[in-house]
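Working notes, beginning with the structure itself.
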């Protein structure tokens, strides 16, 4: 038997420039020589083009895997592909790829590579600067209205607040005095207004005007305040007295004394009435008792110009010309909480009907800020600089919003969304400081009064059931009339 090494050496010497193919071992060695190129090439072509490869009973093995890229969508990642693969796409595949591209990268993604450079120098996944997208963008199809079979729910538009009052009343002799409180709206839908030395009632349902009282030439009205329920109206006078009137019968029930100077602030808590005066004191009165007052609250160093009771009737907030905000309870004649952050008189005070212990206060010309307090934890929550004197504050009982009225220097009315304190609307029309503010019993309408001797009615809050329902109060009473 011949030595295999000798045979291989002889073959190498006889054919030094031949090339060997990596073919299966069962093929004859004589077929791998390429001396006779035409016959060898035809033999290989017959093997490749024959049905040998397509036979289901024969399996072709190889030492590596070469993937087919004809079905790859390189345009999706801005990678150029060979023209042959692009030409072989079917219509169905193109539609699917377009939808997928729009869902992943937005509807404006181009189908092919743009002109910002060669693909080799660019990343497959690139960061893209995007604007803020809504929750609808989480959908696989985005907001593309052209996608068939997709029903998009409409985006809820922000609530629109009418920029003009629906009614204007002339109010002659309405005083331009920051420290007075001359307008209040009852639970029976009757508006009380102090004009000079008289008090007038305006029925919002019938637009009927009634003169309730005349204090005479030696006295004037400094404050009015309706009881939380019923028809009792308290009237504070410049002589330091407080009168209680039954508005349904236009009859005075009693007159209570105790203050030495004018009474500019009133606040009801059930059958208890609190009155604040220029004499720096606050008197607590029980109208069922014979005494003029039950207790005296001392703490302010200047005139008391703001008083508001909490909705649970357990706390009383007072603001004064000494820039102080105090909180009182039913068991002490000294304030339980003292806030001294304001730098001007605190007249604007409002308790939130939505969160227990949430109190808002506003400062005068030198302060211009609305501050929020948590009286339960005794913490200062936030501060908003409004840019002008804060005259009044009132919360909406229907939504978590509030209204502020302002004086120097813009005389505007602002509707705020709490707690972001974003402005929903800025209302203008008064030419003097908007010193007076009251809210209707349904919580939808506010009335504002100013030294320009006008009362203006605005629809600013939605109804508790529907935000599209117009208020019935004065809705059909457009135009300008007089209250006296």
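Glycine too: its Cβ is placed from the backbone N, Cα and C atoms.
Bear in mind that TrEMBL entries carry predicted annotations, made automatically and left uncurated.
Predicted, not measured: the structure shown is a model, and the values here were computed from it.
Ranges compared are 1-24, 25-48, and TrEMBL records region 'Disordered' for 1-24. TrEMBL lists region 'Disordered' at one of the ranges 445-464, 465-484, namely 465-484.
Sequence-remote contacts of a segment are chain residues at least 6 beyond its ends whose Cβ falls under 8 Å from one of its Cβ atoms, and for the repeat 'WD' (427-460) they are 161-178, 180-189, 191, 193, 204, 389, 391-394, 396-398, 403, 405-408, 410-415, 470-474, 483. Across the repeat 'WD' (214-255), DSSP classifies residues as 0 helix, 23 strand, 19 coil.
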